[in-house]
Ligand SMILES: O=C([O-])CC(=O)C(=O)O
Ligand SMILES: [Mg+2]
């Protein structure tokens, strides 16, 4: 006599089936067979859509929304419902989607996060993890509550300086979520390996403290030793939970913490600060490419910065490295850089209060000069770079002067979002009589002058951090030295075509960003193995093949073992207490 015993290994239960329908994964793309096997036949409309047709439906809906914020809410809802479809939609329409899921709309979304945030229905990156100062001593336990185990990259903010919008506390969650969605959309990093985190230490934003919708801790920011201990605990907990190689990207911290934390952690963890290093690399790339238009060698340029914070210091330091690579001495390179902060030109022996140490390196031996206009007039720079979130800082006078001083002035208005840009693309082109090489941090539409279409470049760190992250994750880089960002900048600059340059563009088109990021990752993979920075072994011989083979694929996977053979051999399904329970059947 044959004897069967049932080993209790439930595979699909009724609960899971309802989950499948509520979180429809493929949704209407489920085939008839799949619907029958999953017990959801009849619960979806009869017409079956291919993923491509679903993209069409999504885009029809997307265009029905008139405001960008509504488009953001719609498209982020899709990320929660159907991750693969979201990434297919975004990657196929990057130029259209980036201003929604990223700057500028993400800035608006953060300001309205109290309205937008709903209870998570699934644990996609669209929600992120909130860890507060009250969780001190339990940070590891909170990390364990995130259901994905194979995390390779974290983007973390404490919300103190969200874009150029200031302290948004926990409302800043939109930024790590947005940045990580670009890890996948721009560089093919697998979304289940990404974790957005807000470290909520309070907020000093009085409006938020009184906002009934505010989602964060209603208290003033904690600072000093307690803040530092909290950050230390977070860093230790992250690598304890996910491994020493976990990439931790710092985003939108206040100046006073950003530099300090980078210096403190860069030798101990796999970490970088995007606002210092990512922005530096993308700007350096734009400047390196602009040299091919202006014809002035890098070290013969004179740079005036509006701002002396994270971005300015990061950009200036990387430009110095690049000039040294060109053969200039450090002193000569540094002397090419002039910085203006809220108190005027940064000069040695600045009266009253002096200057912080990271600014000191770029202090000029000059008498004080009060305004940016005066500095531009005095220095006659070849390039001006705005990174202080002071809209209108590039005045009519400054832009006109730049046009007078240079055949091809370089004007980078990099503050984000668009409302914080130092000038508009139109102002830059008009006041320099169409001569300038212009880039902004957030997108501007093309401008037509004398029948000629002038397209502004977008000098946003989105060209850099996804590719850097991909290489770091795949190659198992343990620490991220500055050279990685210089190499990334050179790789990006090298991808600007003659045709781009002829059109005054110093960045490749945004629609190509996926290929651009992949190429950056391939170039970096070659560099990190050669420099002994990689820990993924054996070393892949063909780096390009290695990187490309690891990229996230947006095609639906069939999660049933064999659609035409269900239950599969050795599995038997029965109804028990209203549940479908499938078990392995073993024969003895
Ligand atoms: O998010 C962006 O668009 C660029 C960035 O990091 C910032 O402005 O803080
Ligand atoms: Mg940022």
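The backbone N, Cα and C atoms fix where each Cβ goes, and this holds for glycine too.
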Select one of 204, 205, 450, 460: the residue that TrEMBL places in the (S)-malate site alongside 161, 416.
460
For the divalent metal cation site that TrEMBL describes with 251, 252, which of these is also annotated: 232, 275?
275
If you measure every Cα to Cα pair among 161, 416, 460, the residues listed for (S)-malate, what is the largest value in Å?
17
Out of 102, 161, 416, 460, point to the one nearest residue 179 (active site, proton acceptor) in space (Cα versus Cα); all of them are recorded positions in the record.
102
Measuring Cβ to any atom of ligand 1 with a strict under-6 Å cutoff, which of the recorded positions 179, 416, 460 qualify?
416, 460
Alpha-carbon spacing, residue 102 (active site, proton donor) to residue 161 ((S)-malate binding site), which is rounded to whole Å:
16
Fewest other CB within 10 angstroms, which one of the recorded positions 161, 179?
161
Predicted model, mean pLDDT over the domain 'Malic enzyme NAD-binding' (276-529):
95
Provide the three-state secondary structure of residue 179 (active site, proton acceptor) computed with DSSP.
helix
